[in-house]
Amino acid sequence: MQIKQIFPNGKYLISRVLLRGNLCTVAKNESPNTVIENTLKTLPKKKRKKYIHGNSQSSSWEERLADVVTPLWRLSYDEQLRLKQMQQKKILQELSDLVKAAVPEVSLPLNNDNLSFPLLPIKPSPVIYGYRNKSTFSVNKGVDGDPKTVGFFVGSGKCKNIVCINDNHLLNTPAKHKMVARHYEDFIRTSPLDPCLLFHEGGHWREITVRTNSAGETMAIVFFHPQSLTPEEIYAQKACLVDHFIYGPGTDCKLDALYFQESSMTRCSNEVSPYQLLHGNPHIYEEVLGCRFRISADAFFQVNTKASEVLYHTVGEMCLSSVGDTLLDVCCGTGAIGISLASKVKRVIGIEVIEQAVKDARHNAFLNGKLNCDFLAGKAEVLLPKLIPSLGTESSIITVVNPSRAGVHHRVIRALRSNPAIRKLIYISCKPEGEGMRNFKELCCPLEGQPFRPVLAIPVDMFPHIAHCELVLVFER
């Protein structure tokens, strides 16, 4: 059996919100197992046959969902790590070849991995099961046809065969998240309002996001399409929601915060449509590497807290192997990297496009007594060209770039290359084979400003049972 036979339509669909939460590896118009198709070839024939057989169409709906959301779930964790290591090696060979072609006058010896720089063994996640601290559950028709089913999608929007499957069996989702999703499903099934499956077809109840921390505190955010309801009618629905989760059957969830957002768009920021706190505390807090961080409803925070400590510790080791006066943290989120390293440098400057995340970062710096941190809100491609010249060229600057899958704008790379004081750059990529590779090439190619070259690569597994991992790539010049 060929891998493509597992998916007769050739494609699966997972909602955009889920992808932004990095829950899975597939998207509309993408083959879900593109990475696995290549890496499975590295398995012994018997193991490969056993894995493929487990993915057959005769599998249950739950197994088919697991094959989409957590495509490596049938493999042992050691086998997952080996696949990811080999996939990173394959991706980095393209970069290594590029560097050799860009500087033909310099002899760059190849190592055992056929790379011009070392690739260290992948660092495993300390937690393998139920590691997610954030999950977004969608609403759509279930296997039984009930449109008020809460879970994740299997099927193709093009073929109009989307099915929403409960996530009770998924290995990466914690039990608390599953509990909240089930209670939300119970709530909307008793509500007289319809779910909002397609915006133009009406309906109101949309997805729910659940966030938790290591202490067990839980935040839930319910997304709601107002359609033509009056403010008074919406208020009544919010009251019903509170009654269910705080005073009714949903009290089992023990929510510490319950938010509500009215939105007629797929994704809407807090600035455009504020998150309304219906009950509890406005934030939950998490501790990473001895620092305490505030998490807002829409703030970015790595979905695997324990593995994020491994990631940030790795970045810290790479940063502090050189002496730097300033740490420039591009795409800093809530400031976790800069704040955790603030005591090792004279100054931290963080840049982040999401305003609420910058507010959280400033609060987190104050909360942890890191008074040498400054966080700026705005697009990096707008702020950096103005900021970089003001930093001067006398003091040493270490830069960390930690973007989304889309990478950073070429103007960001151009600005970083323009300042000779930036001798070391650490790029953290969750998708190095995509837009990350474009940024790598822009860093290394002969353009304006002295080019960088990769000197070390370290994969960190943030997502057990999923094909992706984070790649920490160190550049120097």
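Count begins at 1; order follows the chain as displayed.
A Cβ is built for glycine as well, from the same backbone N, Cα and C atoms used for every other residue.
Contacts of Q302 (S-adenosyl-L-methionine binding site) defined by a Cβ separation under 8 A and a same-chain sequence distance of 6+ are given as S308, L311, A336, M462, in order along the sequence. The S-adenosyl-L-methionine binding site annotation in TrEMBL covers Q302, E352, N402.
With DSSP states grouped into helix (H, G, I), strand (E, B) and coil, the domain 'Methyltransferase' (323-385) comes out at 28 helix, 16 strand, 19 coil. Sequence annotations record features per position, and here TrEMBL assigns domain 'Methyltransferase' to 323-385.
Annotation comment: TrEMBL describes C430 as active site, nucleophile.
For the recorded S-adenosyl-L-methionine site, residues Q302, E352, N402 set the reference point as the centre of their Cβ atoms, and the other residues of that chain within 8 Å of it by Cβ are F300, C331, C332, G333, T334, A336, I337, I428.
Here S-adenosyl-L-methionine is bound by Q302, E352, N402 per the record. The longest Cα to Cα distance in that group is 15 Å. Across the structure, E352 (S-adenosyl-L-methionine binding site) and C430 (active site, nucleophile) are spaced 17 Å apart at their Cα atoms.
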